[in-house]
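Participant: Per Swiss-Prot, Zn(2+) binding site is recorded for CYS36, CYS39, CYS54, CYS57, and the stated evidence type is sequence analysis. Swiss-Prot lists 32-288 with the feature domain 'CoA carboxyltransferase N-terminal', giving sequence analysis as the kind of evidence. Taken from Swiss-Prot, the feature zinc finger applies to 36-57, supported by sequence analysis.
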Amino acid sequence: MALFQKKKYIKINPNRSIIEKQAEQPEVPDELFAKCPACKHTIYQKDLGKNKVCPNCDYNFRITAKERLAIVADKDSFVEMFTGIESKNPLDFPGYPEKLAATKARTGLDEAVITGTATIKGQKTALAIMDSTFIMASMGTVVGEKLTRLFEYATTEKLPIIVFTASGGARMQEGIMSLMQMAKTSAAVKRHSNAGLFYITVLTDPTTGGVTASFASLGDIILAEPQSLIGFAGRRVIEQTVRQTLPDDFQKAEFLLNHGFVDAIVKRTELRQKLALLLELHTEVENV
């Protein structure tokens, strides 16, 4: 008989106590709290309010087009236009139709921009709002077509136009057809300008690539939300090209303001009032 015979024990599931403790903990819905990317504070969703601004550091959370519409436009004043336009997948890019269908189902949007007319404190304007939840609001043929039609409508109806930009750039799945939208939208902006009409762009986080290099930079007045990322190429691409280290705040709205690329930085909570004032100041008054 072995002197040190191995004893047999009844094993208890080591995970059982952990599972029981987890079961006793109250379930907290994921949508109840949000973590601020800037100050890292955990914030009660209700404290963010409809403007989605961090109460600790004033960081502007990214919001959807519909959320922005509710903040800016007068209630029930928005009339959507140019819906139902669809991309035909000109390059037969594999998986693109399926990606579009899935994104439409998830977001409830037809495309990465909503277009139409609205009033802001009673001032009528054409309005376009890009939505970064739709394939990062990349600009494809449909986005370009909707924006062009809106500018043409505003030109015909002699309306000012406000465009909220948010984009990762041109949509790679549509290749050269996507890049063409830069020239197409810019030409529509020029015709609107030649008619003596007013155009405001509001640059939000992020506004990059072909959108920055076209209609986003052509506003008569260019506003931006605080700390928004605004640029063309990515930071690393530029540093590797020029072989220099860029400033920490490079491509931030504040940096662009200091260098004359942005006219003003406006807090989201003050944006509606600012836009209404600008529209009022640039509205032609008859019989004066």
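The backbone N, Cα and C atoms fix where each Cβ goes, and this holds for glycine too.
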Participant: Provide the three-state secondary structure of CYS54 (Zn(2+) binding site) computed with DSSP.
Facilitator: coil
Participant: Near the zinc finger (36-57), which same-chain residues lie under 8 Å Cβ to Cβ, leaving out any that are not at least 6 residues past its ends?
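Facilitator: Long-range Cβ neighbours of the zinc finger (36-57): 63, 67, 70-71, 227, 267-269.
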Participant: Under DSSP, is CYS36 (Zn(2+) binding site) part of a helix or a strand, or is it coil?
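Facilitator: In the DSSP reduction, CYS36 (Zn(2+) binding site) maps to coil.
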Participant: Taking the Cβ of each of the binding-site residues and counting other Cβ atoms inside 10 Å, which one has the highest number: CYS36, CYS39?
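Facilitator: Counting Cβ neighbours within 10 Å, the top one is CYS36.
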Participant: Please identify which of CYS54, CYS57 has the densest Cβ environment, defined as other Cβ atoms within 10 Å, among these binding-site residues.
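Facilitator: Of the binding-site residues CYS54, CYS57, the most buried by Cβ count within 10 Å is CYS54.
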Participant: Around the Zn(2+) site recorded as CYS36, CYS39, CYS54, CYS57, what other same-chain residues have a C-beta within 8 angstroms of the site's C-beta center?
Facilitator: PRO37, ALA38, LYS40, HIS41, ILE43, PRO55, ASN56, ASP58, TYR59
